[in-house]
Amino acid sequence: MRVDVLVILLAMCIPFVAIKSMDLATYLYWTVVSALYLIYVALKRW
Amino acid sequence: MLIYALVLYLLIGTFIAVYAMRKVKSEEDYYIGGRKLSGVVSALTYAATTYSAFMMIGLVGLSYVSGVGALGFELFYLVGTIMLLSYYAPKIWRLGREKGLVTPGDLLAMRYGNKSSKVLAILVAIALIPYTSLQVISISLLLSKEIGFETGIILSAIIIALWAFLGGMRSVAWTDAVFGVFMLLMAITAVAFATALLPSYEFSRLGELLYVPNSFWRYEVFVSYTLPWFFFALTNPQVVQRIFIPKDETSLKRMVILFGFFGLLYTVLVTFLGLQLRLLTEFGVFPKIADRDLVTPKFLELMPKEFNVAIAISIFAAAITTANSIVLTLASMFSRDVIKTRSVVTGRVFVVAITIAIALFAIQRPAYIVDLAVMSSTILLCQLPLIFGIFHWKMGADFSATATLFAGFTTAVALYYTKATLGIPIGVWVIAISFATFFVVSMIEKRFKLERS
């Protein structure tokens, strides 16, 4: 398995174990991680 | 006002379809736009095909009842899709060019043999016709107060068939592009309207809805929702076929990246709307809704008539853009893979026949239609070993491919009805059984062939 695949999958799982705050932290985290992954694919992966 | 808006929608789409029809000269033109579509149009048709009425109705409601986990579920799908497309799409696109592939069945036939593509077409029809009927039912219910339920179904069916019939992929892709942008604008409008209603941004009132796991998004629930969608880009034929349409590799890359950003923005907007509506409920501005599919219709009642109509049309358009893409893909698979013709006329006949089947399902609403629609993505997971096999393994031929499809399909249906899953999501079972069948039967098939030779 490619390292970038493993990294993004683990990063997407982090809210299940590490974010329990009563605000939009989980929401913003998932949005930012997905956006960063898209930018990575656009610039580096292809 | 809704009637006028529907007429305007129908006229715009039909004008585009008639214009597209002039460019249909061959079977490739009809089914995959002659492999000449730009990256932007390809991206918008990929997005509009993927994002159905589920987004503005189902996902808003899911966010409302379950919280941020709905965003996680949908973004896992998006990340998985981009991951799979960035690796497999260039390979599939090049194979399409080199071998003249037009349907997802062609991919299997090229590698495993013709029987597998025929079986695939039948499985896809079993999975996607009820799913498409459910789309038609949901938008007809949305419009039922204004035009009646059955009229809604007939109108939907006419639009689905007409645009696909006239111009094929170009017509579907161009209308998808126009209405895809419209869907996005209306999602922004809905969020802006909900924002204006919010007394404050005290999101802490949402409690456990702000994190995962919670009482809804337990680990196994999250996996069972996410897994079938994670592989959507490789298992759902209407999106696989779209890999063939960009005119060059740069356009293919543009398709994938633009789709990704469209998907991210649309998903964030739609799930945020669900959270906003739940917060409005906590503030007593919006009624508490038990049935999550009624959250968006109730919200539309709060809006001024013009916005209400525009958003209703965008939901209608979302369902139509998904439905006509599925119908065209199914028509291409039945025409090319099952009865082996290379005629555009046959494809058009199938477009009409499949749309009639969808409308009949939608009008009769048999009890099992919801079951099949829910199962659709899980059923389609049975193709996964065959698609991976094309690029990674040399084993497998017609018998093993057919056995794999059959085993995966049977597993999905049997477990759905018996519930004997041992707490493991059905998608995991389907993947495990399909892969096991593929490897075991491939080895047996190879040994049998060796002995015979």
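Residue positions begin at 1 at the first shown residue.
A Cβ is built for glycine as well, from the same backbone N, Cα and C atoms used for every other residue.
Annotated features in TrEMBL:
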{"type": "TRANSMEM", "residues": "B:6-22", "note": "transmembrane segment"}
{"type": "TRANSMEM", "residues": "B:43-65", "note": "transmembrane segment"}
{"type": "TRANSMEM", "residues": "B:71-89", "note": "transmembrane segment"}
{"type": "TRANSMEM", "residues": "B:119-141", "note": "transmembrane segment"}
{"type": "TRANSMEM", "residues": "B:147-166", "note": "transmembrane segment"}
{"type": "TRANSMEM", "residues": "B:178-196", "note": "transmembrane segment"}
{"type": "TRANSMEM", "residues": "B:216-234", "note": "transmembrane segment"}
{"type": "TRANSMEM", "residues": "B:255-277", "note": "transmembrane segment"}
{"type": "TRANSMEM", "residues": "B:309-333", "note": "transmembrane segment"}
{"type": "TRANSMEM", "residues": "B:369-392", "note": "transmembrane segment"}
{"type": "TRANSMEM", "residues": "B:399-418", "note": "transmembrane segment"}
{"type": "TRANSMEM", "residues": "B:424-444", "note": "transmembrane segment"}
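Touching of the transmembrane segment (B:369-392) and the transmembrane segment (B:6-22) is ruled out by the presence of fewer than three CB pairs under 8 A, sequence neighbours closer than 6 excluded.
Most Cβ pairs under 8 A with the transmembrane segment (B:216-234) among the ranges B:43-65, B:119-141, B:178-196, B:424-444 are made by B:424-444. Counting Cβ pairs closer than 8 Å and at least 6 residues apart in sequence, the transmembrane segment (B:399-418) and the transmembrane segment (B:255-277) reach fewer than three and form no contact. Contact between the transmembrane segment (B:6-22) and the transmembrane segment (B:424-444) is not supported, since fewer than 3 Cβ pairs fall under 8 Å when only residues 6 or more apart in sequence are counted.
Counting only same-chain residues 6+ beyond the ends of the transmembrane segment (B:178-196), those with a CB under 8 A from a CB of the stretch are 9, 12-13, 16, 44-45, 47-48, 51, 55-56, 262, 265-266, 269-270, 272-273, 276-277, 280, 299, 303, 307, 310-311, 313-314, 317-318, 320-321. When the stretches B:43-65, B:71-89, B:119-141, B:147-166 are ranked by Cβ pairs under 8 Å to the transmembrane segment (B:255-277), first place goes to B:43-65. Among the recorded stretches B:43-65, B:71-89, B:119-141, B:147-166, the one sharing the largest number of Cβ pairs closer than 8 Å with the transmembrane segment (B:309-333) is B:43-65. Below 8 A, the CB atoms of the transmembrane segment (B:43-65) and the transmembrane segment (B:147-166) form no more than two pairs separated by six or more positions in the chain, fewer than 3 in all. Counting residues 6+ beyond its ends, the transmembrane segment (B:147-166) has Cβ neighbours under 8 Å at 2-3, 6, 10, 13-14, 16-18, 20-21, 136-137, 139-141, 172, 175, 316, 319-320, 323-324, 327-328, 331, 348, 351-352, 355-356, 358-359, 362-363 in the same chain. Long-range contacts of the transmembrane segment (B:119-141) within the same chain: residues 52-54, 57, 104-105, 108, 149-150, 152-153, 156-157, 160, 236-238, 293, 315-316, 319-320, 322-323, 326-327, 329-330, 333-334, 337-338, 354, 357-359, 361-362, 365, 368-370, 372-373, 375-377, 379-380, 382-383, 401-402, 405-406, 409, each at least 6 residues beyond the stretch ends and with a Cβ under 8 Å from a Cβ of the stretch.
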